[in-house]
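Enquirer: The structure that follows is given in the form of structure tokens.
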Amino acid sequence: MFIDTHAHLTYPEFDLDLNGVIARAKEARLEAIVNIALDEEARRKARSIAAEYPGYIFTAVGIHPHEASTWTKQTEADLRLFMKENKVVGLGEMGLDYHYKLSPLEKQQEVFRRQLQMAQELDLPAIIHSREAAEDTITIIREENKGGLKGVLHCFAGDPQLEQAALEAGLYISYTANITYPKAEIIRESAVRVPLERTLIETDCPFLAPQVFRGQRNEPSYVVKVAEKIAEVKGLPLADVAIATTKNARRLFGLLS
Ligand SMILES: [Zn+2]
Ligand SMILES: [Zn+2]
């Protein structure tokens, strides 16, 4: 009924009660979770989590723009080896983060381009993070899309130009529970505009708990709150949003039902 397309289950926040978290996800009628692993330790953890919940938790790997400065040839070799030895459903998250600027901007751009190229070469969806970097994100997607790019703009913040460019490139737009925050009118307006056939839902947990649980740890079961808000602003039954976003996620990440 629902798929959380972006969770970070390898974070220490989930070390003590992952079983309970997954039980609650199943109770909330989640059908699958895409678990995003962003460094070597996370990849190791993600591998064992995926093995523990086969057909339920799937793995994506990549280098976050925060960590772009750590990228070397070896990083790419490590990613490729992991993808060869393990089932991976997406590449990312990758992209640009000009809010924190934890890596030099040129390095972020270089590593984003490289991962977009890899995603197309390996025919994997690109999971794209873009924060306060709409213009450069648009330019890089346009320049690197050789026609075979598929993917998602995750944790979408509502920039209309970026939204338009992503839709033109055939990408999906994914919303987190920040769509439930009182000040997030710009995100809700985006959710109204973006066609349901291009909409995905995610938690980005442990971050960004929905308004009702704000300040607490977020977890996959709360993705229902994202679907509820999208249904509300679009004026649709929740079931329509659940069915469409689940179908979209299965198609994009190649998850068999
Ligand atoms: Zn992100
Ligand atoms: Zn994330």
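Glycine is no exception: its Cβ is also placed from the backbone N, Cα and C atoms.
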Enquirer: Which residue of Asp204, Asp240 does TrEMBL report at the same divalent metal cation 1 site as His6, His8, Glu93?
Expert: Asp204
Enquirer: To the nearest whole angstrom, what is the C-alpha distance linking His129 (divalent metal cation 2 binding site) and Glu93 (divalent metal cation 1 binding site)?
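Expert: About 6 Å separates the two Cα atoms.
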Enquirer: Please check each of the binding-site residues His6, His8, His129 and report the ones with a CB atom less than 6 Å from an atom of ligand 1, ordered along the sequence.
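Expert: Within range of ligand 1: His129.
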Enquirer: Relative to the Cβ position of His6 (divalent metal cation 1 binding site), how many further Cβ atoms are located within 10 Å?
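Expert: Taking every protein chain into account, the count is 29.
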